[in-house]
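Down below is the structure, laid out as structure tokens.
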Amino acid sequence: MDTKAFKRSLQQSNNYHRKGFGHETEVMGTMNTEYQSSLIQKIRENNYQWQEGDVTIKLAEAFGFCWGVERAVAMAYETRQHFPQEKIWITNEIIHNPSVNQRLLEMNVGFIEVINGSKDFSVVEAGDVVILPAFGASVTEMQLLNDKGCTIVDTTCPWVSKVWNSVEKHKKKDYTSIIHGKYKHEETVATSSFAGTYLVVLNLKEAQYVCDYILNGGNKDEFLEKFKNAHSEGFDPDKDLIRLGIANQTTMLKSETEQIGKLFETTMLKKYGPTELNEHFMSFNTICDATQERQDAMLNLVEEEVDVMVVIGGFNSSNTTHLQEISIEKGIDSYHIDSDKRILPGNKIEHKPLEKDIETKENWLPDGKIIVGVTSGASTPDKVVEAVIERIFEEKNAGVLV
């Protein structure tokens, strides 16, 4: 399928909307009321620090809602206002934040249910309005919704669209797209649908395995079993690793994406030499600015004096998880929570360790005066960050801890 031609045709349709509906001013007023925080603004203006009693909060200098997320949420609000009576669906969570998604449910926006691993689009009828989330949607989903005669509101982040353009360039020149990402993540599912031949690698370890195969060969069956859910149909590592292009899920760890790109470039250089490199390797910078800014701010924060780190964001948020990784790698006691309700009375906290289920930690706040580092993922409103900080102050300064 010519995905580029389909996308162009869809964008020219009267049923396709990507620029809102002219209600920006009113919607931004509503969003400011629901999601902004006067306390967080004060902390920003106070050099990202705030003290109450025995607690000093240090905020990362870049955190929370990014432009792409704010744009997606605003478009969803505009859609409800512009279509007050129509049935509105969204193909997935608008962003990975439970409070924002709950707000959309309260606005009578339906979420497409997943049944036996597949989305049930049978509930969508002609004339319904369907929102595509910030992560985007697969070509198959867009085609299905277009064929049904739905009004499509596309809130896909432009940074994600940039990655799609990159893999389409790979496809046009018969390059295999090496996608650094999580093969089940909505964004990577969408990106791979625009690619031709592709392989998804999760991390540097998997990338090294692929590069070793390129240089030394190996067991094809073992390779295909290792990546059984992470490649295009009919993928053959003996034929499809000769010309490679690099792309990434925009929320992955920036430093690892760069390392993976460099590793593949070096591998192809060894395999084919400098004069042939450009015939076998291509790379475009598709690292999201907002992801990079938040990770850089976290790298700075972990170098400061911090007793405990709190990372706020949806548990299924990839960019939030990578912020957590930065803190853990520095050896800081770090707690990933999705709301203030995870901070329990009696100095307890429900949190999600990396690659584990939610667990409860007792005595998580140390005795005496403490410095708590705080950051949040790109899908987390300031209001949620404020609520978490207020709970920390409440627990620590209310005489609960001695």
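Heads up, the Cβ atoms here are built off N, Cα and C, so glycines get one too.
Counting only same-chain residues six or more apart in sequence, the Cβ atoms lying under 8 angstroms from the Cβ of Cys66 ([4Fe-4S] cluster binding site) belong to Cys288, Ala290, Thr291, Arg294, Ala378. Swiss-Prot lists Cys66, Cys157, Cys288 with the feature [4Fe-4S] cluster binding site, giving sequence analysis as the kind of evidence.
According to Swiss-Prot, the (2E)-4-hydroxy-3-methylbut-2-enyl diphosphate binding site annotation covers His96, His185, Thr250, Ser317, Ser318, Asn319, Ser379, on the basis of sequence analysis. For Asn319 ((2E)-4-hydroxy-3-methylbut-2-enyl diphosphate binding site), the number of other Cβ atoms no farther than 10 Å from its own Cβ, over all displayed protein chains, is 26.
Annotation comment: Swiss-Prot describes His96, His185, Ser317, Ser318, Asn319, Ser379 as isopentenyl diphosphate binding site, evidence class sequence analysis. When Cβ atoms from all protein chains are considered, those within 10 Å of Ser318 ((2E)-4-hydroxy-3-methylbut-2-enyl diphosphate binding site) total 25, not counting its own.
Taken residue by residue with DSSP, His185 ((2E)-4-hydroxy-3-methylbut-2-enyl diphosphate binding site) is part of neither helix nor strand, so it is coil. Feature annotation from Swiss-Prot assigns dimethylallyl diphosphate binding site to His96, His185, Ser317, Ser318, Asn319, Ser379.
Here the Cβ of Glu187 (active site, proton donor) has 28 other Cβ atoms within 10 Å, regardless of which shown protein chain they belong to. Swiss-Prot lists Glu187 with the feature active site, proton donor, giving sequence analysis as the kind of evidence.
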For Ser317 ((2E)-4-hydroxy-3-methylbut-2-enyl diphosphate binding site), the number of other Cβ atoms found within 10 Å of its own Cβ: 25
Rounded distance in angstrom between the Cα atoms of Ser317 ((2E)-4-hydroxy-3-methylbut-2-enyl diphosphate binding site) and Cys157 ([4Fe-4S] cluster binding site): 15
Cα-to-Cα gap, Cys157 ([4Fe-4S] cluster binding site) vs Thr250 ((2E)-4-hydroxy-3-methylbut-2-enyl diphosphate binding site), nearest whole Å: 10
Lowest local Cβ density (other Cβ within 10 Å) among binding-site residues: His96, His185: His185
Whole-number Å value of the largest CA-CA distance among His96, His185, Ser317, Ser318, Asn319, Ser379, listed as isopentenyl diphosphate-binding: 15
Spatial neighbours of Ser379 ((2E)-4-hydroxy-3-methylbut-2-enyl diphosphate binding site) that are distant in sequence (at least 6 apart) but have CB under 8 A: Phe65, Val69, Ile95, His96, Asn97, Val100, Gly313, Gly314, Ser317, Asn319, Thr320
Any further residue of that chain within 8 Å (Cβ to the Cβ centroid of His96, His185, Ser317, Ser318, Asn319, Ser379) of the recorded dimethylallyl diphosphate site: Ile95, Thr251, Gly313, Gly314, Asn316, Thr320, Thr321, Gly377, Ala378
